[in-house]
Amino acid sequence: MMTHDVGVRELGLIEYRAAWQAMQHFTNTRDADSGDEIWLLQHPPVFTQGQAGKAEHLLFPGEIPVVQVDRGGQVTYHGPGQLVGYLLLDVRRLGIGVRELVSRIERSLIDLLAGYDVEAVAKPDAPGVYVGGAKIASLGLRIRNGRSFHGLALNVDMDLEPFRRINPCGYAGLPMTQLRDLIGPIDISEVADRLRDHLVRQLGYAQQKTLAGGIEAYE
């Protein structure tokens with residue numbers, strides 16, 4: 001069990017490129033003594049294409065911008081009403097490998113959904129979390145010098161139509177779902193509070209601390 005804390009920033013609605021650049025700066029400038037952070041936020045509409053992304057999976061983006069990024073995985077969509085969590089962790093210090101990190105993130109999401117009486121599962125061959133065959137949460141990470149960035153996206157209460165403009169995560173016709181469609185109206189801030197607790201527990205931190213301020217220092 002870890003004995004140090006993790007800092008959590010709740011950032012609201014942030015442009016994707018600004019958050020991405022801040023993540024990179026945070027990761028590139030941290031040292032062995034830097035604390036780990038979890039950022040919880042939402043993005044305006046954007047498609048992001050991972051390092052393994054293939055152009056054929058981007059069907060008709062229309063007016064929504066496409067950003068080529070340095071995480072793993074294929075194309076996905078972010079938009080308001082989707083809860084995004086960026087995990088800026090020293091995984092070497094945590095003593096876990098990438099697969100174990102993915103498993104713990106998935107378990108956090110599954111436990112979160114169980115709290116709403118939603119039964120969800122992970123798939124060993126397709127990272128993410130699924131409800132009845134439909135995907136409700138996506139994962140995409142990057143590890144640099146033993147430190148992680150990027151993270152997860154949970155569909156809470158959003159417009160799912162843009163997912164039909166892509167092959168989500170490279171799977172043609174993959175159905176997507178969201179928490180609102182499963183349980184009715186839901187406050188995304190409540191979901192964020194629950195998610196942070198589950199992540200802290202699964203990752204083994206002694207406790208969490210809320211960090212004031214935004215990402216301006218890292219841009």
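Placed from the backbone N, Cα and C atoms, the Cβ positions cover glycine too.
In Swiss-Prot this protein carries:
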type: ACT_SITE; residues: Cys169; note: active site, acyl-thioester intermediate
type: BINDING; residues: Arg71, Gly72, Gly73, Gln74, Val75, Thr76, Tyr77, His78, Ser138, Leu139, Gly140, Gly151, Leu152, Ala153; note: substrate binding site
type: DOMAIN; residues: 32-207; note: domain 'BPL/LPL catalytic'
type: SITE; residues: Lys135; note: site 'Lowers pKa of active site Cys'
Pairwise CA distance, Ser138 (substrate binding site) versus Cys169 (active site, acyl-thioester intermediate), rounded so that it is a whole Å: 8
Per-region confidence, the domain 'BPL/LPL catalytic' (32-207) (mean pLDDT, whole number): 93
Cβ contacts of Val75 (substrate binding site) (under 8 Å, same chain, 6 or more positions away): Phe47, Thr48, Gln49, Gly50, Gly53, His57, Leu58, Ile166, Asn167, Pro168, Cys169, Gly170
Set of same-chain residues at least 6 away whose C-beta sits under 8 angstroms from Gly140 (substrate binding site): Thr48, Gly50, Arg71, Gly72, Gly73, Thr76, His150, Gly151
Residue pair Leu152 (substrate binding site), Lys135 (site 'Lowers pKa of active site Cys') - Cα distance, angstrom, rounded: 12
Lys135 (site 'Lowers pKa of active site Cys') versus Tyr77 (substrate binding site) - Cα distance in angstrom: 12
Cβ-Cβ distance under 8 Å to Lys135 (site 'Lowers pKa of active site Cys'), same chain, at least six residues away: Gly128, Val129, Pro168, Cys169, Leu174, Pro175, Met176, Thr177
